[in-house]
Structures are given as structure tokens and as C-alpha cells.
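*Asks:* Annotations per TrEMBL:
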- 1-10: compositional bias 'Polar residues' (COMPBIAS)
- 1-51: region 'Disordered' (REGION)
- 12-29: compositional bias 'Gly residues' (COMPBIAS)
- 107-134: transmembrane segment (TRANSMEM)
- 109-675: domain 'Major facilitator superfamily (MFS) profile' (DOMAIN)
- 146-163: transmembrane segment (TRANSMEM)
- 175-193: transmembrane segment (TRANSMEM)
- 199-221: transmembrane segment (TRANSMEM)
- 233-256: transmembrane segment (TRANSMEM)
- 276-295: transmembrane segment (TRANSMEM)
- 383-404: transmembrane segment (TRANSMEM)
- 534-556: transmembrane segment (TRANSMEM)
- 563-582: transmembrane segment (TRANSMEM)
- 588-610: transmembrane segment (TRANSMEM)
- 622-645: transmembrane segment (TRANSMEM)
- 651-669: transmembrane segment (TRANSMEM)
Amino acid sequence: MADPYQNNIYHQGGGHSYRTYGEGGGHDGYGYQADYPPQEEDAASDVTEGHDEEDQMYEGEYQGIPHPDEVKAAQRAARGSAASELEELSEQYEDIMEDCGHGKFQWTLFIVLGLALMADGVECFVVAFVLPSAEKDLCLSNAEKGMLGLVVFLSMMVGAFLWGGLADKVGRRRCLMVALAINCVFAFLSSFAQGYGFFLFFRLLSGIGIGGTVPIVYSYFSEFLQMDKRGEHLSWLCMFWMIGGIYASFTAWGIIPRYGWGFSMGTEFQFHSWRVFVLVAALPAIASLVGLTFMPESPRFLLENAKHDEAWMILKQVHDTNWRAKGQPEKVFTVSTSPKTAEDEFIEIQSATGTPVQRWAVRSLTLCKLVLRNVASLLSAELRFATLFMAIIWFCMAFSYYGLSVWFPDMIKHLQYEEYESKVKVFHGERLANFHFNFSLENQIHREGKYIRDTFVSIEMKSVKFEDSLFEDCHFKDIKSTDTVFENCTIRSTIFYNTDLWEEKFIDCRMENVTFEHNKHGCHLDTMEENDVLIYLVSFLGSLAVLPGNIISALFMEKIGRVKIIGGSMLISAGCTFFLFLSFSQSAIITLQCLFCGVSVAAWNGIEVVTVELYPASKRATAFGVLNALCKLAAVLGSSIFASFVGVTKAIPILLSFAALVCGGLVALKLPDTRQKILQ
């Protein structure tokens, strides 16, 4: 029986056929015809009113300069002569993308996918920005704060592996839409979560959703780009991750310190300003999700999965969108298709039997097997070394980058703490009787004091410590405290009314006839955080410093080459780490952070472009997902190890980052040059 897809022809307007791709060869091909002469994508149309095509003459003809179309035809002929049967689809697809041009369609997709990448960048900052406020609102311990920071990268690691694998079997667009929808829903729910458990669970699911964006976005966009545009425009796409960091810093700076931007319903439901920021942070994902509803699936994915009608209709849409905007004629596609694969047949045979639940179970099981088989194929003979080299490069770069990204702000906080601690006031053996404290206490230590019949009314205690002191017949009323403790004190006949001084604040204290009335339950936000502005400013400057590196890498990605950019950037970044030995002030650390981020972003751009180009279409998103999951694992290890040495020593973090960057940079120089490689 004849293949139902054979010889489908899509006509729009008349015209003659000037060339056909895929003719001859004696085997199944992907035929394609154009109904207008070949042109440069930015050239004016030759079919203009009042002119005959044959009367027009190329400007350089008398000078013996070949027409650009002749050059392009010669390049295609050279590629075609060297192509094997297995490479025929790739060659034809590249030729078609060249004729479709780079125009309105790609720029629209660029914005939509850029917003998804921006959402990924925002996700990396959300928990870090809300933690100072959320830890008081949700009463978080140090262990719980650490778990919140950890769950962001672990969930994104799972999401990258899951969605990357599914995108090669289910579709780029569909998986990206589902992943973004999951992120939006659970980010929204997390902003209303009143308990730590629910907040952690919702952020976990939100991270699993957003984790799929990076592997899918680059695979998806690359399959709409022709070879000579690929490196540059994938690099421009990387800029949206930086924009996500700037957006998160700017909105956090503008929203979180505004404690009045919220509401409460009794004492059980509180909605403070940091929760507003969590909602605002989800806007890029929502915008991208809406935009994707108007975008088509990757035609390359459809061709790989025997959906030829849909693929050629989408290619026609890409062509018409681009050339119609330039006033150019339209194209006629003629296709002949290959038979379906065994995997497709297996799914269809199984789906034709059994109950709906059984069919769903069979499809799910089959899909899991196909995904795992695809993952295992990354270690096949032809891909083994590419996967090993890329794994080393991804791991080394992420270990250093994310480790130092945590180390920089932690070092700034450590310097601030040291400066604050150096100004502490110590009171030793003070004796106060019948004294009325009506002023706030801050950064003080009181040792071996005696307080008899004293009153502490309507004051704030910030970083106050009472050691080996006696409180007798005292009265504490309307007290708000931060980092305040009573250690080894004796407290007799004392009343605590409407305070937030609970049992945890009294360490090894002896209580005699002590009364607690109307104590404030739970934790409460401070009305002022002096370091808020600096925290957001550091992140903002770090994100903004990426801009020059992004621009330079995008402009020179095709001229210098991916390999040299990756290797050179990683080795230069390694050299920058030694300047960290000179970081004795906050301003020096901020400057070095900006320098490191600005240089290392070029390496990131090159890594992501090479990852797309090294793997065939059937494994591209899977490979990207596995490597991106490895990246998140390295981020967890790097941030944990580097943070543990803050305030202890600089040498170990600096030497670790230097060694990782040098190792990754040297391995990168062994990669093949993929500038002239057609996507397989």
C-alpha cells in the first residue's frame, strides 16, 4: 500500500520550479522545490513590476565577480557531494533553512524563548532574595534555610534531566509549555504558603518545572537557525539569563523592603511584601507560556519522528512569515517521505489494544524506556568522547561559577559582620535599680549585671546578649527582639507581657516565679534591614557585568570559534581568581565579582552553543538535559564547599576554583570546531 504522505504538495500562487532538493539518489528522500530564483535573505526581490527577470543583470557580472546565489549553490553542491545517505536530511534541512532566511519568525521566537530563559535566571535568585524575610515570617532554622537553598538546584537538576529526555520523544514545544505551566502554578501557590513544609514543597515542584527550560530552549531555537547564524544568535539568546538576574534584583529591591505591601487575615494568614515579589518573579514564565501558544513545534523534531506533513507546513510558515514581511514571493514544497520507525509502530500497536488505563500505562512505560535508551546512547562509541569532554567542561565551569557566586555575597556579609562586631559595646557588672529602659538596645553585651525592679517597655533589642546577670522584680512589655539571648542568667519574679522572648532565647537560665503573658507566637519581620540595599545591589551589579561579555562573545562566536572562546574564557577566569587574595574590602569583592562574571559568561555562551551542535536532533535535548543536570549537581557541591570556608580561609576556595577552571579550559581546547557543522 502506498505511503499516505507520498507527494504532498503545498501551493500558494503559481510559478515554475527552479530547483529541487532530494531528487535522485535511488532512496527515500525529503524532496523540496522552490518557485522563485535563489536570493540572499536581505536582498530585494527580482520580481518587480515592469521588469523582466532576464533583463536584470548582476552588478558584478562585468567584473567577473560570482553572484552570491552562485556561491551559495556551489557551497550546497560541495556539501551534497560529501554527504552520505544518513546525512541527507541534515543537508536538505540546512538548505531549506537558508532559503527560509532569518527574519520576523526567528526574532519572534527569540523573544518568546528568551522570556523562558529569563524565567530560569529569575528562579536562581528568588529564594536567595526572599530568605532574609521568609526566615522570620516562616520561623526558619539554619538547617531549614539551607534546605531551601539546596532544593532549588536539586529540583532544577531533576527537571533538566526529565524534560530534556522527554523533549526528544514528545516534542520541544509541548514539553516546554508543560514545564513552564508547572513552574507558574507552583510559584503562585508558594507565595501563599504559610508553613515551611508547603513552601518547600511548592518551590520544589516549581524548580522541577523551570529546570526544563535551558535544555529545551537552546535545542528548540537552534533548529530554526541556519548554520552561519547559529552561534551568534544562540549567544544573543544567552543574554536573557542575565536580564533575568537584573529583573529579579531590581524587582526585589523595589518590593521586598516595602513591608506595607501586604495584608493579613488574623494571625494565621500573613501576606508580606516578599510574597508579592514571588508572584512578580513568575511573570516572565507566564509571558513565555502565552507566547508559546502561538509558536509551532520544531519541524526538525517532527521530521525525526515521521510527522512530515506537519513539518513541511511549519517550514512553509517560517518561509512565508519571513519573506512576506520583505515583500518576496512564496514557495512551493514537494515532499516524499521515509517509512515510520519501529519505535513509532510499537507505540501505535500497543495503543490500539486494551483499556484507556492500560494504553496509558503502556505508553508511559514505553516512553520511559525510550528516554533511558536515549540517555544510554550518549555513551555510544560515536558520542562517548564528546559526552565525556562536555561533562568535564560543564562540571568544572559550574563548580567554580556557582561556588564563587555564593562565596562573593557570603564574604561581603562576613566582612559586614566583622565590622559590626568590632563596634560592640560591652557593659560589665552594671547595677541598675528602679530604672526605666525606654530606648532601644543594639549591638551590646551585658555581663554580670544586676537589674532590680527595672522596666523594659516598648523597645527593640537587636544583637543584645545578657550573660551571668540577675533580673529581679523586672517588667518586660511590648518588646521586639532580633538576635537577642539571655545566657546563664537568674530571673526571679519577672513578668514578660506581649514580647517575642520565648524559651529558645533563654539558654541555661534559672527561672523563679516568672510569668509570660500574651507572648507573640511565631516569628515576625523586622521593620528595617540595613543590608537589604547592598544585597540587591551586589546581585544587580553581578548580573549587569555580564553584558559586555555577552556582547563580545556573540559578535565573535563565528569569527573566533566556540572552542577558543570557551578555553580562553575559562583560563582567563582562572587567572582572575588569584586577585581574590587581594579582596580585603567589600568594594574589592564587588569589583572582582563583576570581573569574574563578565569574563566567565563568554565561556557559558560557547559551552551552550557547542552542546547544541555536537549532538544529533534525536539526542540533542537529552544530552543538554543530562549535562545541565550535572551542572546543577556541581552547583550544589561548589556552593556548599565554598560557603563552608567563609571566615576560615580564602586559599581553599580560590585554589579549587582555579584548578577547576584550568582543567575545564584545557579540555575545551580538545573539542572539535563546530562552526561549519550542519546540525545532524
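Backbone N, Cα and C define each Cβ position, glycine as well.
Help me picture where these features are in the structure shown.
*Replies:* Proximity of distant same-chain residues to the transmembrane segment (107-134), defined by a Cβ-Cβ separation under 8 Å and at least 6 residues beyond the stretch ends, is recorded for 140, 145, 148-149, 152, 156, 176, 180, 183, 187, 199, 203, 206-207, 210-211, 213-214, 217, 220-221, 224, 233, 236-245, 247-249, 252, 256, 272-274, 277-278, 281-282, 284-285, 287-288, 291-292, 294-295, 525, 529, 532, 535-536, 539.
Outside the transmembrane segment (146-163) by six or more residues, the chain places 120, 123-124, 126-128, 131, 134, 140, 175-176, 179, 199-200, 203-212, 214-216, 402, 621, 624-626, 628-629, 631-633, 635-636, 639-640 with a CB less than 8 A from a CB of the stretch.
Cβ atoms under 8 Å from those of the transmembrane segment (233-256) belong to residues 102, 106, 110, 113-115, 117-122, 124-126, 129-130, 133, 217-218, 221-222, 225, 273-274, 276-277, 280-281, 284, 532-533, 536-537, 539-540, 542-544, 546-547, 550, 553-554, 557, 601, 604-605, 608-609, 612 of the same chain, restricted to positions at least 6 beyond its ends.
Counting same-chain residues at least six beyond the ends of the transmembrane segment (276-295), those with a Cβ under 8 angstroms from any Cβ of the stretch are 108-109, 111-113, 115-116, 118-119, 122-123, 125-126, 129-130, 173, 176-177, 180-181, 183-184, 187-188, 190-191, 210, 244, 247-248, 251-252, 255-256, 261-262.
With a cut-off of 8 Å between Cβ atoms, the residues of this chain six or more beyond the transmembrane segment (383-404) that come close are 153, 377, 566, 570, 573, 577, 593, 596, 600, 603-604, 607, 610-611, 614-615, 619, 623, 627-628, 630-635, 637-639, 641-642, 653, 656-657, 660-661, 663-664, 667-668, 670-671.
Sequence-distant contacts of the transmembrane segment (588-610) (same chain, six or more residues past either end, CB-CB distance under 8 Å): 214, 218, 230-231, 234-235, 238, 242, 390, 393-394, 397, 400-401, 404, 408, 411-412, 415, 538, 541-550, 552-554, 557, 562-563, 565-566, 568-570, 572-573, 576-577, 579-580, 582, 665, 668, 671, 674.
Long-range contacts of the transmembrane segment (622-645) within the same chain, counting only residues at least 6 positions beyond its ends with a Cβ under 8 Å from a Cβ of the stretch, are 149-150, 153-154, 156-158, 160-165, 167-168, 211-212, 214-215, 218-219, 371, 374-375, 378, 383, 387, 390-391, 394-407, 410, 611-612, 614-615, 652-653, 656-657.
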*Asks:* Using a Cβ-Cβ cut-off of under 8 Å, list the residues of the same chain that are 6+ residues beyond the ends of the transmembrane segment (199-221) and lie near it.
*Replies:* 109-110, 113, 116-117, 119-120, 123, 127, 134, 138, 144, 147-148, 151-160, 162-164, 167, 172-173, 175-176, 179-184, 186-187, 189-190, 193, 233-234, 237, 285, 298, 608, 611-612, 620-621, 624-625, 628-629, 632
*Asks:* Excluding the flanking five residues on each side, which residues at least 6 beyond the ends of the transmembrane segment (175-193) place their CB within less than 8 Å of a CB in that stretch?
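*Replies:* Sequence-distant neighbours of the transmembrane segment (175-193): 116, 119, 123, 126, 159, 163, 166-167, 199, 201-203, 205-213, 216-217, 220, 271, 275-276, 278-279, 281-282, 285-286, 288-289, 292-293, 621.
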*Asks:* Please work out the mean pLDDT for the residues of the domain 'Major facilitator superfamily (MFS) profile' (109-675).
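*Replies:* Overall, the domain 'Major facilitator superfamily (MFS) profile' (109-675) comes to a mean pLDDT of 85.
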